[in-house]
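One structure below.
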Amino acid sequence: MTTATIDPATAVVPPKIRAATPGRTRLLRAVYAVSAFALVAVVWELVKVLVPADGVRIAGTRVLPRTSDGALPHVWAVFTVLGEPDGNGTVGETLVRTAMFTLGLSVLALSLGAVVGVALAVAMQRFGWLERALLPYVVLSQTVPLIALAPLVAAWGGKLAIGGEPWRPWMSIVVIAAYLAFFPIAIGMLRGLQAPSAASVELLRSCSAGWWATLRRLRFPAAVPSLIPALRLAAAAAVVGAVVAEISTGTAGGIGRQIIVFSQQATGDSARLYAAVLTAALLGVVLTALVGLVELALRRYSHPPSTGPTVER
């Protein structure tokens with residue numbers, strides 16, 4: 001039996017894998033975001049070029065929409081319209097003002113949905129019978145059409161008073177948006193709270209840790225990796241809920257109501273309407289980015305649940 005000798009000078013050394021730094025990761029995310037917007041703009045203009053102005057019909061049925069300037073304006077027309085006069089300012093100023101109003105309501109809705117979702121998840125994790133009883137109804141609650149629920153919430157809220165203060169229309173919007181936002185948080189948090197292995201739970205019990213200590217030291221840290229993606233989904237849902245609620249209840253001041261106003265002016269020029277819709281979509285991106293601040297605050301717990309959380313002594 002012979003032993004082979006390897007010459008270090010000719011040996012093949014596997015290349016080192018460069019770890020992604022936080023700065024590099026943020027840069028890549030920014031590049032991906034800009035690339036996505038650029039891709040949408042390119043596809044938009046390609047549709048304008050390739051699809052006839054009256055659309056495409058097959059057997060009398062339109063299968064592709066009209067692409068005339070009145071139905072689908074050019075990308076640059078949407079940006080140009082921001083400088084046009086509108087009331088006491090410009091279209092851009094109007095969109096910024098209404099978007100900030102809706103963003104504030106969305107933040108309140110996300111906060112309320114987070115409180116309700118986390119509390120519900122903790123209760124269902126603590127009591128198995130409560131999970132079996134409530135979880136099907138939590139899922140079923142998301143099948144109710146929001147556009148039908150919004151007028152009911154507004155009507156019920158009009159009969160309430162909090163601390164002697166009358167119910168404000170914006171409160172109905174917050175409740176409706178929170179109704180959409182709580183669901184992904186409750187499901188994600190419940191999954192995270194149930195992530196620790198039985199061995200980890202038994203280890204804390206052997207150290208005389210009660211339910212609260214186990215929740216604080218083991219289950220909450222293990223739930224963070226599931227909670228952050230749930231918060232991102234909830235942020236987008238909160239914006240959708242706020243916009244739909246503004247449209248359904250007719251509440252003025254928000255981007256949802258502004259979409260209705262511009263849609264009534266879109267007979268000959270729909271650029272303003274598209275600008276309002278794109279602004280509403282951008283609100284979801286902004287609120288989702290704000291969730292990143294929560295992720296930074298909880299990054300010490302950002303390990304995957306499968307590796308097991310670090311138990312503090």
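Heads up, residue numbers simply count up from 1 along the chain you see.
The backbone N, Cα and C atoms fix where each Cβ goes, and this holds for glycine too.
What TrEMBL lists as transmembrane segment is 27-47 (among others).
According to TrEMBL, the transmembrane segment annotation covers 99-122 (among others).
Taken from TrEMBL, the feature domain 'ABC transmembrane type-1' covers 99-295.
Sequence annotations record features per position, and here TrEMBL assigns transmembrane segment to 134-158 (among others). Below 8 angstroms of C-beta separation, residues 120, 124, 167, 169, 171-172, 175-176, 179-180, 183, 186-187, 190, 241, 244-245, 247-249 of the same chain, each at least six residues beyond the ends of the transmembrane segment (134-158), sit close to that stretch.
Annotation source TrEMBL lists transmembrane segment at 170-190 (among others).
If you look up TrEMBL, you'll see 222-245 (among others) marked as transmembrane segment.
Sequence annotations record features per position, and here TrEMBL assigns transmembrane segment to 273-298 (among others). Long-range Cβ contacts of the transmembrane segment (273-298) within its own chain (Cβ-Cβ under 8 Å, at least 6 residues beyond either end) map to 33, 73, 78-79, 81-82, 91, 95, 99, 102-103, 106-107, 110, 224, 227-228, 231-232, 235-236, 238-240, 243, 255-256, 258-259, 262-263, 265-266.
Distant neighbours of the transmembrane segment (99-122): 134, 138, 170, 173-187, 189-190, 193, 215, 223, 227, 230-231, 234-235, 238-239, 241-243, 246, 253-256, 279-280, 282-283, 286-287, 290; these residues of the same chain sit at least 6 beyond its ends, with a Cβ under 8 Å from one of its Cβ atoms.
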